[in-house]
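> This structure is in structure tokens; I'll ask about it shortly.
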Amino acid sequence: LTLYVLYCSADVGFSAGVSLCLLLALCCQPKEYTAQDGQCCPMCHEGTVVTRHCTADLGTRCGPCPNGTYMNQPNGRTTCFSCSICHSGVGLVELQPCTSSSNSVCGPRSGFFCLTSTEESGGCEVAQRHTSCSPGQRVLQPGTSSADTVCENCPERHFSPAGLNCTAWTICPHSQVALRPGSSQEDVVCGGAVHRSHFILSIPFVGVILILIPGQCF
């Protein structure tokens, strides 16, 4: 391509040079485009597209993009781009509305993070709901608009019933015992101790009474 560009600007016959340039479409200026007939036409500005190509006597005719469409660059197109729709069903919300010269910008809803970003605007195409930590875990890093929640397991002798924070097991006082052991999801349950020694001591005492009372009758 570079060779042909240099050749177009070389000192060759006018008609031959123009024919070659039009054929290869290499002689149009940066703000021009090649029409279907090979002629270089002025581009339309942002927010507009071509409604009529230029001729030898008339310049390009441009028209504005209709609602729901946009054009964000100088162009030789006859149709505008469709505006992106921020669907709430995929976790998106509109951050910036679409205009005739710029596309709408979508972002993740509250409680969601972006999975796929758009290179054009830096917005979001697809979002996903933040992960909820399971019972027995805690939130190590809360989710953001660009990253998911990070969870970790509770350390030993700690529990988390809702997957938010880990709490140390209850230590039963000396007057109580653990009726149910703790786990990563449930706390220790403490309760009153059963004093079986009272029943053991009462049996010999009753036996002595039964022996002594008959002895008094003799």
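Cβ atoms are placed via backbone N, Cα and C, with glycine included.
Where the annotation comes from TrEMBL, it is an automatic prediction and has not been curated.
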> Say which of Cys44, Cys80, Cys83 is recorded by TrEMBL as the disulfide partner for Cys65.
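Disulfide mapping in TrEMBL sends Cys65 to Cys80.
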> Take the Cβ of Cys80 (disulfide bond) and count every other Cβ within 10 Å, whichever protein chain it belongs to.
21
